[in-house]
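**Student:** Feature list, courtesy of TrEMBL:
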TRANSMEM  B:12-40  transmembrane segment
TRANSMEM  B:52-71  transmembrane segment
TRANSMEM  B:77-102  transmembrane segment
TRANSMEM  B:109-127  transmembrane segment
TRANSMEM  B:158-179  transmembrane segment
TRANSMEM  B:212-233  transmembrane segment
TRANSMEM  B:239-263  transmembrane segment
TRANSMEM  B:275-296  transmembrane segment
Amino acid sequence: MSDEETKGLLSPLRRKLLMGMAAIPAITMLPRASFAQTPATSAVNTTGLAVTDTEVTVGILHSATGTMAISETGSIEAEKLAIEQINAAGGVLGRKIKFIQEDGASDWPTFAEKAKKLLVNDKVAAIMGCWTSASRKAVLPVVEQYNGMLYYPTFYEGLEQSKNVIYTGQEATQQILAGLNWIAKEKGAKSFFFVGSDYIWPRTSNKIARKHVENVLKGKVVGEEYYPLGNTQFNSVINKIKLTKPDVIFTDVVGGSNVAFYKQLKAAGIDLSKQALLTISVTEDEIDGIGGENIAGAYACMKYFQSLDNANNKAFVPAFKKMWGEKTVIGDVTQAAYLGPWLWKLTVEKAGSFDVDKIAAASPGVEFKGAPEGYVRIHENHHLWSKTRVGRAKLDGQFELIYETADLVEPDPFPKGYQ
Amino acid sequence: MFGDYSLGDLGSIFVMQGFAGLILFSVYVLMALGLAIIFGQMGVINMAHGEFMILGAYVTWMTSNFFQTYLPSLFSGYFFLAMILAFVASGALGMLVEWVLIRHLYKRPLDTLLATWGLSLMLQQAYRSVFGAREVGVELPQWMLGSLHVSDSIEVPINGVFVMCLTVLITVGVAYVMYKSRWGRQVRAVVQNRIMAGAVGINTEKVDRYTYGLGCGIAGVAGSAFTMIGSTGPTSGQLYIVDTFLVVVFGGAASLLGTIASAFSISQTQSTLEFFMSGSMAKVLTLLAVVGILMLRPQGLFALKVRK
């Protein structure tokens, strides 16, 4: 059905033809339908969303200021690119996407307030937004109360599922388990040392990782350490790592601490070409700040790397750089953010409506074949089926793909035996 | 927890952990020195201290880019020039801020808290607009990376040694300027009694401006040095501000020796505790100890005896 449409990313003509075809089944059901590709507004919008005959409004809600602007800027850029591409290809149900951008300012109550503004005042059809789990938790009751649709891009700890949210990043088990399996098999790793920042995502991720190491891989966790967010001194934990000599250092340190951690690791003489290190929190974005020379040799485990060699990604990376500058890099979350507007468009076209209830119901099974990471599909639990990949950091700040799962990994936000 | 390790292992860990504590000590002293002058001597609660540090870090980043592009042959020595430029840039901005903002607030020291906090927000957004929201990576010359190989299990980070040397140098310099030079005498006179100092012919406005500039300049050098160990982004300054105030207040605001003693005790407690428990718990216990001591001794470790 409408899934076929994703193939013709670069061909507007082909797109339009296909969209016309996709509209046919819907048209037969509508009394006052014409053969144009634009179905009547009254038919596709029964709940008073900001949809006109020519335009549909969505919201972008990220931090453009404050601490999190470092991370969220890439997501904003990716979402704008996707919207521009969708518009160039004819829009959604014949309507151009207009976006209203709000600034969450790295402050969680502000996120909730702005989400309410977008849903109540602006009547946006969907929100692309949030980055940290804290901001998503603040926005969640708002989108549920006012029945909005949120496309959330970040890999996160799981333990959540909502009719009103589509999670375009990986949940923890998707991201972690395949990486641990790989490193245990490839490096014969038996002992692991966990280092994380002290908040919900690293703690939950490490809990899952610990259960997997102990129960499935029959290995040993020789240390588990947390440092406050923003900590810049890691010499003590580095000494402990030296003392315990783990096969693998497993890290989920975030933000400015990340930079300090890798610089000090390098300065302490730990050579990442000899000491295996697996991180789930360092993307190309973070390496910009860390410096390739400080992290070269480390393994990262996630679903997307800028260097992926497939046709979709080869079109996506130049398009992104053309819009946002030659020097920008694209990390895992940026790619996931790019999926948001596309998945929403495909779902709207599958449902033949902008109504949130119909979109929520139509989401499971929606496929996006034009995803830069390759094929993705929405699961019944509103997370994505996706492949997990391991990359090795290079001096130039890019990852070299080392391993990818043969099949799509099923999202499992409430993993049994890991809680 | 030590049963599994040989005596040699334990010995080298002891050495390394001691060294980790010393590095933390130098970092604390370096970031607190500028504030010790501004808050300790002038009584200005400078919440923008971290942002002055980050200005130094950005200057270092720009210098590094400049050398890479135009003078790659001299790249190995750029860091020294970068530190001087960082001092000049942060110091100049500090003097400007003093002239525009701070000099109107000497009689209302508590208001400096709000004013400089606002300033820190403005500076953060300015960095974000100019340099972008993403963190930048400062490339270091090869000789500053890696570690000195003392024995098989003891490695000393070169950047740690560098920070330590720099700290000693700047501390000695500041101590000399504040306590031995004629200008330092004027500064202390102005701090103790502004009106009287003016009456005996000291140009108090000029002294204030240069003192504030000196404090900010030192913050800039600290920021420059911290590009080796930490991150450089618009909000990175926030990572340092709490620790910085902690060190200065705990030491007794007006005393340089107090700042050093407090940096030493906090860093040693922190790094020792970190070794036996997780980093977060170590921080909590350190802060609890500091709070406890400050309740018993509100004036800090070392307080100057002055007639009020």
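Placement of Cβ uses the backbone N, Cα and C atoms for every residue, glycine included.
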**Student:** By Cβ distance under 8 Å, which residues at least 6 away from the ends of the transmembrane segment (B:109-127) in the same chain are close to it?
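**Tutor:** Result: 43-48, 50-51, 54-55, 58, 97, 101-102, 233-235, 237-238, 241.
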**Student:** Going through B:12-40, B:77-102, B:275-296 one by one, which has the most CB pairs that fall under 8 Å from the transmembrane segment (B:158-179)?
**Tutor:** B:12-40
**Student:** Can you tell me which recorded stretch out of B:77-102, B:239-263, B:275-296 has the most Cβ pairs within less than 8 Å of the transmembrane segment (B:212-233)?
**Tutor:** B:77-102
**Student:** Can you find at least 3 Cβ pairs under 8 Å between the transmembrane segment (B:77-102) and the transmembrane segment (B:52-71), where each pair is 6 or more residues apart in sequence?
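**Tutor:** Stretch pair touches.
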**Student:** By a Cβ-Cβ criterion of under 8 Å, what residues six or more beyond either terminus of the transmembrane segment (B:275-296) are in contact with it?
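**Tutor:** Beyond its ends, the transmembrane segment (B:275-296) has Cβ neighbours at 17, 246, 249-250, 266, 269.
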